[in-house]
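The domain 'MTTase N-terminal' annotation in Swiss-Prot covers 4-119 and is backed by sequence analysis. Here Swiss-Prot flags Cys13, Cys50, Cys82 as [4Fe-4S] cluster 1 binding site, drawing on sequence analysis. Annotated domain 'Radical SAM core' per Swiss-Prot: 137-370, in sequence order, evidence recorded as sequence analysis. Summarising the annotation, Swiss-Prot assigns [4Fe-4S] cluster 2 binding site to Cys151, Cys155, Cys158. Feature annotation from Swiss-Prot assigns domain 'TRAM' to 373-433.
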Amino acid sequence: MSAKKLFIQTLGCAMNVRDSEHMIAELTQKENYALTEDIKEADLILINTCSVREKPVHKLFSEVGGFEKVKKEGAKIGVCGCTASHLGNEIFKRAPYVDFVLGARNISKITQAIKTPKFMGVDIDYDESEFAFADFRNSIYKSYINISIGCDKHCTYCIVPHTRGDEISIPFNIIYKEAQKAVEKGAKEIFLLGQNVNNYGKRFRNEHKKMDFSDLLEELSTIEGLERIRFTSPHPLHMDDKFLEVFANNPKVCKSMHMPLQSGSSEILKAMKRGYTKEWYLNRALKLRELCPNVSISTDIIVAFPGESEKDFEETMDVLEKVRFEQIFSFKYSKRPLTKAATMPNQIDEETASRRLSTLQNRHSEILDEIVKKQENKTFKVLFEELRAGNSIAGRTDNNFLVQVEGSEELLGQFKEVKITNAKRMVLYGEIV
């Protein structure tokens, strides 16, 4: 019997990418589906959604409306992920042609969903047996691995605890075996995923070997054949000295750190319920630069959070100047349902929010130009992962710069030393040496 065709579109973060991989594995290995990039020939159309900001939620309904117009007769449409978790039955009301709704903590029920009319799975609790999935990887050379699920922080602007539930650490033996299996299949790099990875080990579903995130990094680095370990996202509150020292000194841990700032104002951080101050954040970031001079630090920043004054915004700009981030992900505050910030007084007007965002992004662009210029004539070890147009190939350095050289498919999955000859804001161009 010929395979049925599966089309899947993934929106949002790396955790969504991994969730999509899990669903692909279940469907291709257990239900006789094969992936297609042509939505018109698909028997099953999935969209894996994001709800961190309002825009992706609006995009969901425009996308599924488009799917309904082009799908072939008899094809099913499933809405999965975080927006599915928090909207639930409203999706059926607004898009009655959707066949099932599957929340972020219910992806293991995908085979049940495709067989049940108007199936809706939006629970945010987990049974530990659901940590074990069939396996599929979008990349041979890099493997995403969940180490925790959910979040206990309840930051006042964030909907994630309402869509992914409370934080649970995945048992070490499951993580280790998954990493080992990925390396046996050709992975050179593993990418550990969680809302707050460096809070690992604080809460397991049942009794398991006790270890913290630093211990986990050290244990995983013993896997023979594994060359690189990346992770996202750590929480600044849990960046103790042990963690920073393991990060700096373990040669397999990539020297790229995502440190979500959100705001440089201690008052706004308190209103956000982030748990740290501007002073704590700067202490940790500058300590990291001291321990690991070649580290690349990225961050998330929200401007125009309710009550943010010009002085508060200047505090954020001050952190930008002091830390000099290699990369920022910056956004205007987006009011999310179910969050405390949505009903806070002193919501900021759109004009002020746009001005602050432009000021932040423009200054960071200037800083980034200075940073990348200093990379010219340096030599980096690059893992090549992606073919580019014009007989080119791209990969990343240990500290996460994107590097492009002339090269062909035979370089995929290989490490090469590359000398940078022309540094641009988004890409470093170079030559293999």
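Going from the start of the chain as shown, residues are counted 1 onward.
Each residue, glycine too, has its Cβ placed from N, Cα and C.
Locations of recorded Swiss-Prot features on the structure.
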residue: Cys13; record: [4Fe-4S] cluster 1 binding site; CB count, 10 Å: 18
residue: Cys50; record: [4Fe-4S] cluster 1 binding site; CB count, 10 Å: 21
residue: Cys82; record: [4Fe-4S] cluster 1 binding site; CB count, 10 Å: 28
residue: Cys151; record: [4Fe-4S] cluster 2 binding site; CB count, 10 Å: 21
residue: Cys155; record: [4Fe-4S] cluster 2 binding site; CB count, 10 Å: 22
residue: Cys158; record: [4Fe-4S] cluster 2 binding site; CB count, 10 Å: 22
Starting from the [4Fe-4S] cluster 1 site formed by Cys13, Cys50, Cys82, give every other residue of that chain whose CB sits within 8 Å of the mean position of their CB atoms, in sequence order. Leu11, Gly12, Met15, Asn16, Thr49, Ser51, Val52, Pro56, Gly81, Thr83, Ala104, Thr163
Cys82 ([4Fe-4S] cluster 1 binding site) and Cys155 ([4Fe-4S] cluster 2 binding site), distance between Cα atoms, whole Å: 17
Using DSSP and collapsing to three states, where does Cys13 ([4Fe-4S] cluster 1 binding site) fall: helix, strand or coil? coil
When you average the Cβ positions of Cys151, Cys155, Cys158 for the [4Fe-4S] cluster 2 site, which other residues in that chain have a Cβ within 8 Å of that mean position? Lys153, His154, Tyr157, Ile159, Val160, Pro161, Gln195
Per DSSP, how many helix, strand and coil residues does the domain 'MTTase N-terminal' (4-119) have? 59 helix, 27 strand, 30 coil
Whole-number Å distance between the CA of Cys82 ([4Fe-4S] cluster 1 binding site) and the CA of Cys151 ([4Fe-4S] cluster 2 binding site)? 13
When DSSP states are grouped into helix, strand and coil, how many residues of the domain 'TRAM' (373-433) land in each? 4 helix, 35 strand, 22 coil
Between Cys158 ([4Fe-4S] cluster 2 binding site) and Cys13 ([4Fe-4S] cluster 1 binding site), what is the CA-CA distance rounded to a whole number of Å? 14
